[in-house]
Ligand code: DX5
Ligand code: ZN
């Protein structure tokens, strides 16, 4: 992975057909996805369950771009090695998931993955003031984690702006997760975001049998986001 601030669209397979993850990953990549976002939920840190490292490992051969694994689990530390071995390129842990965030981030990098930290909507930007040199990505939750298809929480735009200033010249991506649409994307990009996760916004209306819709949805988000850059 090379670093730059080109807009990247990362469809979340939380909104894909769970019986066809391999084909779904291939379809979104063929339709222009830059990364594939994989949501791991434990029914404890968040009120929903998805899947574990075995499923991530099964998906891996179908992802040619970047596998962006978002761990909504607590504790995360006991499972980091398994997700790294499953083939995650980026492993993101939540700042709220345990008392030793710095240790978790060190462990992720030690396992050879890029380290991400996710912030729930109520968590202030300052929570990661002292780990900015230990991360490769900040995931700003613009919904409460757990489910796809929720509405964008507008108060997070100011947080994105603040994080962008805190990051400065560091090679740290600012990723937005939740409620991303062609309407909300320009607002977060103008504030400094460069990676846009979109679940329902990409998968709605399409399918493996009808993947052109995924492409239309990805292009609509990208176009709106890039317009905000050049504005
Ligand atoms: C929410 C997940 C998101 C989710 C986004 O807990 O982390 O990645 O899939 O879904 P949308 O884009 O539908 O809000
Ligand atoms: Zn996510």
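Just so it is clear, glycine is given a Cβ too, placed from its N, Cα and C backbone atoms.
Quick look at what TrEMBL annotates:
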- 12, 70, 146, 147, 148, 149, 177, 178, 179, 199, 200: substrate binding site (BINDING)
- 37, 39, 70, 177: divalent metal cation binding site (BINDING)
- 39: active site, proton acceptor (ACT_SITE)
- 177: active site, proton donor (ACT_SITE)
Request  = Could you tell me which of the binding-site residues 39, 70, 146, 177 have their C-beta within a distance under 6 angstroms of some atom of ligand 2?
outcome  = 39, 70, 177
Inquiry  = I need the CA-to-CA distance for residue 179 (substrate binding site) versus residue 70 (divalent metal cation binding site), whole Å please.
reply    = 16
Inquiry  = I need the most crowded of these binding-site residues: 12, 200. Count other C-beta atoms within 10 angstroms of each C-beta and give me the top one.
reply    = 12
Ask   = With every protein chain in view, how many other Cβ atoms are within 10 Å of the Cβ of residue 148 (substrate binding site)?
value = 20
Ask   = Using Cα coordinates, what distance in whole Å links residue 39 (divalent metal cation binding site) and residue 12 (substrate binding site)?
value = 7
Inquiry  = Within its own chain, what residues at least 6 apart in sequence put their Cβ under 8 Å from the Cβ of residue 177 (substrate binding site), listed in sequence order?
reply    = 12, 37, 70, 118, 139, 140, 141, 142, 143, 145, 197
Note = Students should find that the Cβ of residue 70 (divalent metal cation binding site) has, within 10 Å, a number of other Cβ atoms equal to 28
Ask   = In the same chain, outside 37, 39, 70, 177, whose C-beta lies within 8 angstroms of the Cβ mean position for the divalent metal cation site?
value = 10, 12, 14, 38, 68, 69, 72, 92, 139, 197, 199
Key: Sparsest-packed of the listed binding-site residues (146, 179) - C-beta count within 10 angstroms   = 146
Key: Of 37, 39 (the binding-site residues), the residue whose Cβ has the fewest other Cβ atoms within 10 Å   = 39
Task = State, in Å as a whole number, the widest CA to CA span among the substrate-binding residues 12, 70, 146, 147, 148, 149, 177, 178, 179, 199, 200 given in the record.
result = 17
